[in-house]
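According to TrEMBL, the protein has these features:
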type     : residues : note
TRANSMEM : 39-57    : transmembrane segment
TRANSMEM : 78-97    : transmembrane segment
TRANSMEM : 141-164  : transmembrane segment
TRANSMEM : 170-190  : transmembrane segment
TRANSMEM : 211-229  : transmembrane segment
TRANSMEM : 249-273  : transmembrane segment
TRANSMEM : 294-315  : transmembrane segment
TRANSMEM : 321-342  : transmembrane segment
TRANSMEM : 354-373  : transmembrane segment
TRANSMEM : 379-396  : transmembrane segment
TRANSMEM : 408-429  : transmembrane segment
TRANSMEM : 435-454  : transmembrane segment
Amino acid sequence: MNAKTLAAYALGPAGSAAAGVLALPLLSYSFSGADIGRVLLLQAAASLALITFGLGLDQFYIREFHQSGNRAALFKTAALPPLALAAAACAALYAFAPQWPSEKILSLADSRLGGLCLLFAAALMLSRYLSLVLRMNDRALAFSFAQLLPKLLLLAAAAAWVLLRLPAGTFALVSVYAFAQLAAALLLLWQTRHEWPAAARSRIRLPELSAALAYGLPLAAGGLAYWAFSSADRWLLRTLAGAEELGVYALAVNFGAAASVLQSVFATVWSPLVFRRLAEGKTADVGGIARRMAFVLAAAVCLCALLSPAAAWVLPPQYAAVPFILPAVMLVPLLYTLAEATGIGIHVRRKSSLIPLVSLAALACAAALLYLLVPHYGARGAAAASAAAFWLFFLLKSEASARLWQPLPRGAVYGTTAACLALCCAFALCGSTANFPAFAALWAAALAAAAWGGREDLGRLKTRLLRR
């Protein structure tokens, strides 16, 4: 994959993150923290639906794409069962209990809100499978624009609410998110207008469907366990600390989602690249890549912490805790990205049944820490607990992969990430305006250590730049 293609893939996540960072401060002045928190729960619930009805077949499509002789039939095998199940579930809920999704997710018994929740989840499901067609066919710009469109619409809506002083409330905010996701799904239908009709005309073969389910269902089980521990902070924070603390946490999570640029680009590129190289009889230097990524992770977290006071300049006073939570919530997508690299051996060796065990161990850690920290620290405690649980997830997944496939430089990778975790948790739980200079000195020292650890790579980068 050349630099131009990689930049095209990065456009969607980078643009989405930038639009999100611009939109969230605007929304925080128009909508309450409770409403912003409700949207975070809606996104978590939609992710649960995506995993549950997806049956892991999206991962089967990625795994088999380059080795399949009939890609249209492969797409139908992977996409039709999840989409049919999701459509049936949405139709049944809307017909018999339209208020149920809103009551369970948003704590508001409203059939209109329930319909919007179903619309958001259905559009997300359709978008997921259609975007895979673009990704696996290397249509990078189309893939990125489909990712970017909902965030651009959200930014436009946020600006309209501020400038026009429109009525703000839960229904308005959920409507914006639902119709923005619907717009993305409609765009993807048009972008894949040649592929999905070909898939519709193809036939599903039962042996291939059985193989797909055998591969995908363990991954779906692992996905459910992963969803439980990655979303536990949101649901328990609402229960143990209230809607306003959830709103503070939601805003921090959305700011920290800037780190998901790296996560999205890497997830888009890494697994297909590894499986393509395996199909060609080649392999990847996982240990070297993991070592470099660990130092990049450390540097990114340190820079985030040093610049975090800037968040207070653009947010209302009730979000004063956000700057201290930011490094911990940013660490989560970065650790997940690193785990995607270090844990690839589990998928290479087809040992996907290990993933639910790893996720369940992380869930137990998350639940224990959340019950311990959230009642006393609120959103700060949720950030620290979630970061610690994700580090355990990363550690266990990496170790399993290293024992199954390629070894890792454990000292550099585990030591660097553990040091970042310790600083992030201390900053989240104990950070304040008064002691920020002391923490800033620690973050600066950690940044210098990360630069020293990656000095060889920095030297090579400098040499390349000087040659141009």
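Just so you know, glycine gets a Cβ as well, placed from its N, Cα and C.
With a threshold of 8 Å between CB atoms, the same-chain residues lying at least 6 positions outside the transmembrane segment (141-164) that come near it are 8-13, 15-16, 19-20, 22-24, 26-27, 29-31, 127, 130-131, 134-135, 172, 176-177, 179-181, 183-184, 187-188, 191, 264, 268. Listed by sequence, the residues of this chain that lie at least six past the ends of the transmembrane segment (408-429) yet keep a Cβ under 8 A from its Cβ atoms are 286-287, 290-291, 294-295, 297-298, 301-302, 305, 324-325, 327-328, 331, 335, 338, 342, 373, 377, 380-381, 383-384, 387-388, 391, 394-395, 398, 401-402, 439, 442-443, 446, 449-450, 453. Taking every listed stretch (78-97, 211-229, 321-342, 379-396) in turn, the largest tally of C-beta pairs under 8 A with the transmembrane segment (354-373) is reached by 379-396.
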